[in-house]
């Protein structure tokens, strides 16, 4: 997705949002927000009272009722505008995606190989399982998996990243997205989706989903706000008979008017957070989109904020991920050339970067030319997460390469023995933080290949920040325990899972969840799908398999596993924003008590004038100033709701103290200043 940024009140977003704010005045829309629905009903009632006042039957001056009515409607409109503006930012991002859905044609192959006959087919007619060829300067017509070839692909339309990426068969970079463009070479692609199910289609559906589901925390907060509203509604209902009784007993003043009661109710109920609550949720998803992460729901973003365990793959997240074969370490009685020959044979059909680096190293060290895999009449055994080894069966030979324990079991199952010298090499390589791969030819263990990887710069500091936030980091790797321990110590993670299988990952997630923790993880392979489906926050890589994307509740367009940390920070920022604005909204009430209560009852109880600490010009001015402030504060807080409260990697207790000081104390002080300034303005224009 092209990274187009918008200013907060960009005219291209603000003008449609204003129109949407009026459209949202539909009662069918308003009742979804119970607190703002009370304001909506109050606005209708004061409008009726104003019409009565025009006919000479008003309970208060028509001008006063009109002023209150206008600002009550503005309160509703400002809340609608905040939500519409947040939705507009997401819709603008969706519009750029819709531009990718142009009519394209595909070269559909009769057979799944390059060079086979093809026919031009509309992209809309492609079905899951069809095989197509895409050549230089052609647009990839549908989502799919590269099954042959390698090409440079421009994915800027989806990811916003201008640098082309390599997409090739095998490994973790085989997925391609419809709407991207091949810049050079060619690839044969197997289509993985039916029409209407493409990644772009799903992204558009996600960001344009009008009926956004409320998250559990949002529902809980809404219940609290509704409860407060009901309490204040009960208070307001009792004030009218209390006022009538007080006037009769005191023999002075006039009963409080319905208009003033409605104004008091609207000022006391938590309209600020109620008006911004939906906008905060939409903006959270929008911020994820700006980070090139598509969340399937606000629930996923919110869960990210509550996460306290991060499961991260070693390769690509903690290390650079470009492991390369660097050294052949032959077993006793085996020459280095023999080990290189066996390693190359076991890697001929291995399309992963590691497999190719073994073939290249054998060629560089011993001039072993890459052999024609078709001429060998061999059966290749591909790597799986369960066996944790790969290789070739040919001419009575079983050549395998893989993890030390997997090769040990394989050799012993065939009746062979695992040499102590090879175990020593495995431990030595592992202690260096490299990955040892053991090669065996039948029952004969040939030796060890060292795969070197490098821990990413700055990752240790990021993990230290997460630790301050109370988040536990766990590294997941297929490496043996010694290698995993060495890299874990270097990277600074709290724990690690070595020799990981899909079942082990799933069991670890369930263990943490049974302890009451929320778990986040990333994944890109089909073998990651069960764990992704179990995790509370599951970020699938865009380059990953279709199964991984469907199991996750977020998709990272940049396919950067380290993004998981940013996802968690964005989730925490959304929760902090909601909490901070709730605190501010409730703290606002103190100033409004001092403004409206004395104004409402001062004619009956003159002693209440002592509570007019702000020195407001008149009772009418005090009430109107409070109502105006109540409406305007929503507008002033829209930027904070959309941008989010500034997040710092601190402990929960420290963050709570800071936010209570800023938004709690600020919520008490700001209304006193705001209401007084509005009162001065009203007095200056002669409306007091």
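For all residues, glycine too, the Cβ spot is worked out from N, Cα and C.
There are 25 other CB atoms within 10 A of the CB of residue 313 (active site, 4-aspartylphosphate intermediate), with all protein chains counted. In three-state terms derived from DSSP, residue 313 (active site, 4-aspartylphosphate intermediate) belongs to an extended strand segment. Annotated active site, 4-aspartylphosphate intermediate per Swiss-Prot: 313, in sequence order, evidence recorded as sequence analysis.
With a 10 A radius on its CB, residue 350 (ATP binding site) counts 22 other CB atoms from all the protein chains. For the recorded site, residue 350 (ATP binding site), the DSSP three-state label reads coil. Annotation comment: Swiss-Prot describes 350, 354, 383, 384, 385, 386, 387, 388, 389, 390, 401 as ATP binding site.
Residues or ranges marked as Mg(2+) binding site in Swiss-Prot: 524, 528. Under the DSSP three-state reduction, residue 524 (Mg(2+) binding site) is assigned to coil, being neither helix nor strand.
Below 8 angstroms of C-beta separation, residues 25, 27, 61-62, 65-66, 68-69, 72-73, 75-76, 79, 222, 225-226, 229, 233, 258-259, 262, 265-266, 269-271, 274-275 of the same chain, each at least six residues beyond the ends of the transmembrane segment (35-55), sit close to that stretch. Positions annotated as transmembrane segment by Swiss-Prot, on the basis of sequence analysis: 35-55 (among others).
The transmembrane segment annotation in Swiss-Prot covers 62-82 (among others) and is backed by sequence analysis. Non-local neighbours of the transmembrane segment (62-82) in the same chain are 17-18, 20-22, 24-25, 30, 33, 36, 39-40, 42-43, 46-47, 49-50, 53-54, 259, 262-263, 266, 271, 274-276, 278-279, 620, 623-624, 627-628, 630-632, 634-635, 638, 641, 687; each lies 6+ residues outside the stretch with a CB under 8 Å from one of its CB atoms.
Here the transmembrane segment (219-239) has Cβ contacts under 8 Å with residues 34-35, 38, 256, 261, 264-265, 268-270, 273-274, 277, 578, 582, 586, 600 of the same chain, all six or more residues outside its ends. According to Swiss-Prot, the transmembrane segment annotation covers 219-239 (among others).
Annotation source Swiss-Prot lists transmembrane segment at 260-280 (among others). Under 8 Å from some Cβ of the transmembrane segment (260-280) lie the Cβ atoms of residues 33-36, 38-39, 42, 45-46, 60, 68, 72, 75, 78-79, 82-83, 85-86, 212, 218, 221-222, 225, 228-229, 232-233, 235-236, 239-240, 574, 577-578, 581-582, 584-586, 588-589, 592-593, 595-597, 599-600, 623-624, 626-627, 630, 633-634, 637-638, 641-642, all in the same chain and six or more residues away from its ends.
Under the heading transmembrane segment, Swiss-Prot lists 594-614 (among others), citing sequence analysis as support.
Long-range contacts of the transmembrane segment (622-642) within the same chain: residues 8, 64, 67-68, 71-72, 74-75, 78-79, 81-82, 85-86, 89, 260, 263-264, 266-267, 271-272, 275-276, 279-280, 283, 286, 577, 581, 584, 588, 591-592, 595-596, 598-600, 612, 614, 616, 670-671, 674-676, 678-679, 682, 687, each at least 6 residues beyond the stretch ends and with a Cβ under 8 Å from a Cβ of the stretch. Residues or ranges marked as transmembrane segment by Swiss-Prot on the basis of sequence analysis: 622-642 (among others).
According to Swiss-Prot, the transmembrane segment annotation covers 668-688 (among others), on the basis of sequence analysis.
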Name the one residue among 350, 383, 389 whose Cα is closest in three-dimensional space to that of residue 528 (Mg(2+) binding site); these are the binding-site residues.
383
Please work out the number of neighbouring Cβ atoms within 10 Å of the Cβ of residue 383 (ATP binding site), leaving out its own Cβ.
20
Ordered by sequence, the long-range same-chain Cβ contacts of residue 401 (ATP binding site) under 8 Å (at least 6 apart) are 343, 346, 347, 358, 389, 390, 391, 407, 437, 438, 439, 440, 449
If we check Cα distances from residue 313 (active site, 4-aspartylphosphate intermediate), which of the binding-site residues 350, 383, 387, 524 wins as closest?
524
Tell me which of the binding-site residues 350, 383, 387 ends up closest to residue 524 (Mg(2+) binding site) in space, Cα to Cα.
383
